[in-house]
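Peer 1: There's a structure below that I have some questions on.
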Amino acid sequence: MRINPTTSDPQVSIREKKNLGRIAQIIGPVLDVAFPPGKMPNIYNALVVKGRDTLGQEINVTCEVQQLLGNNRVRAIAMSATEGLKRGMDVIDMGNPLSVPVGGATLGRIFNVLGEPVDNLGPVDTGTTSPIHKSAPAFIQLDTKLSIFETGIKVVDLLAPYRRGGKIGLFGGAGVGKTVLIMELINNIAKAHGGVSVFGGVGERTREGNDLYMEMKESKVINEENLAESKVALVYGQMNEPPGARMRVGLTALTMAEYFRDVNKQDVLLFIDNIFRFVQAGSEVSALLGRMPSAVGYQPTLSTEMGSLQERITSTKKGSITSIQAVYVPADDLTDPAPATTFAHLDATTVLSRGLAAKGIYPAVDPLDSTSTMLQPRIVGEEHYETAQQVKQTLQRYKELQDIIAILGLDELSEEDRLTVARARKIERFLSQPFFVAEVFTGSPGKYVGLAETIRGFKLILSGEFDSLPEQAFYLVGNIDEATAKATNLEMESKLKK
């Protein structure tokens, strides 16, 4: 991994004298820059425009070289607004791709695409930066062992387990608990795996980014008193920013995650919200550069751009990056090129259901719609696989019977079906779980449930061991022993009321 020492001002001034160009044309966020013969910058080099606008205010715009046009000209995309720029202004070739701060000092902080802190907490205290453009790890460096990434969340670990170093798609509308699930995963990876997380907000609403930051502070995922104890670094490139920034902010977040994996040898969780906006920004940039559009108006380089990001998210022999990517599906069309290209890279899908959220079952992960390539007997073992399949079959049968129950009532069902419904309702409630990050809202302590405990609990419910217990005993508990203890308490309470 190439790490650059932080550039100091004297070096910049030497570089300014060395390679200086001038703006020849500006069309929105696209700049054409002329350089002296033999001094052309490389593709992806950072260019910096410094000067003053007509009102005398300072301008500092960073761009990235995208095309070499010939006649000693390059075409670059601006990473911030180009207001105030004019033809003839000096442009400095930085000689390297964009580089961003990396390491422990980034935890608890919010950055923009350039790696500049935007949280008003002063400069970042780090002496190391790293370029955002890198090759994916060589095949010989990869860790090819298939291992499960335990999250401590029952429904995920049992029915749609995550792969260590894998990629997971998170599907869900507004208000079904996506943010809380993300924060719980960040909390659990820090506690159980000693890992850290990086959150990349790609082209989403500024308000949502702010809400996430405030909730993270409230739930102590970000520790305001001691930032070094925080568990996450945040990188935002929101909806109002130019397409260049939205296209590169995912790479900025990934670069920070790679440092934790390769240098600190940690397990890292990388969140990208939303991967569709990354594709959308690439499509805008492609159109601005004058490329011929491909299917449905997307960029012709869609698969290449997606692959160059996704192939860097992997497990190596040093550590792993497990990525959870929120996927927006335009017009609910799964055949749209953007989600279709994303699906090719995913190992698991976690689908959040509005129906479960309405019932108050959190996390509202749909046990029948969520899938994982890891749920195979040779990977997870026979016991885990059989238990998961039986749970799914029971829930599927309950789903099929719901219409009959709604019309005729439970009494019209056969004895066997009534037993299936009773167990399915217990399973449905046992798939809920109190979260650590929700303690401040619910008042009940969070629970981390190991995989072995999860399997044991569901096996006991399926075997009929707890057919006599009330279903509310299984709601919002950790392992199965807590459910039996809760049942005893409920029984004592009902006796006292009598």
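Backbone N, Cα and C define each Cβ position, glycine as well.
I grabbed these lines from Swiss-Prot:
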- Thr6: phosphothreonine (MOD_RES)
- Ser13: phosphoserine (MOD_RES)
- Gly172, Gly173, Ala174, Gly175, Val176, Gly177, Lys178, Thr179: ATP binding site (BINDING)
Peer 1: Of all the binding-site residues given, Gly173, Gly177, which residue's CB has the most CB neighbours within 10 A?
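Peer 2: Most Cβ neighbours within 10 Å: Gly177.
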Peer 1: What count of other C-beta atoms do you get within 10 angstroms of the C-beta of Val176 (ATP binding site), across all chains shown?
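Peer 2: Val176 (ATP binding site) is surrounded by 23 other Cβ atoms within 10 Å.
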Peer 1: Ranked by the number of other Cβ atoms within 10 Å of their own Cβ, which of the binding-site residues Gly172, Gly175, Thr179 ranks first?
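Peer 2: Max Cβ neighbours within 10 Å, all protein chains included: Gly172.
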Peer 1: Taking the recorded ATP site as Gly172, Gly173, Ala174, Gly175, Val176, Gly177, Lys178, Thr179, identify the other residues of that chain whose CB atom sits within 8 Å of the mean position of the site's CB atoms, giving them in sequence order.
Peer 2: Leu352, Ala357, Ala364
Peer 1: Among the binding-site residues Ala174, Lys178, which residue has the largest number of other Cβ atoms within 10 Å of its own Cβ?
Peer 2: Lys178
Peer 1: I want to verify one value. Collapsing DSSP to three states, which class is Lys178 (ATP binding site)?
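Peer 2: Looking at the DSSP assignment, Lys178 (ATP binding site) belongs to a helix.
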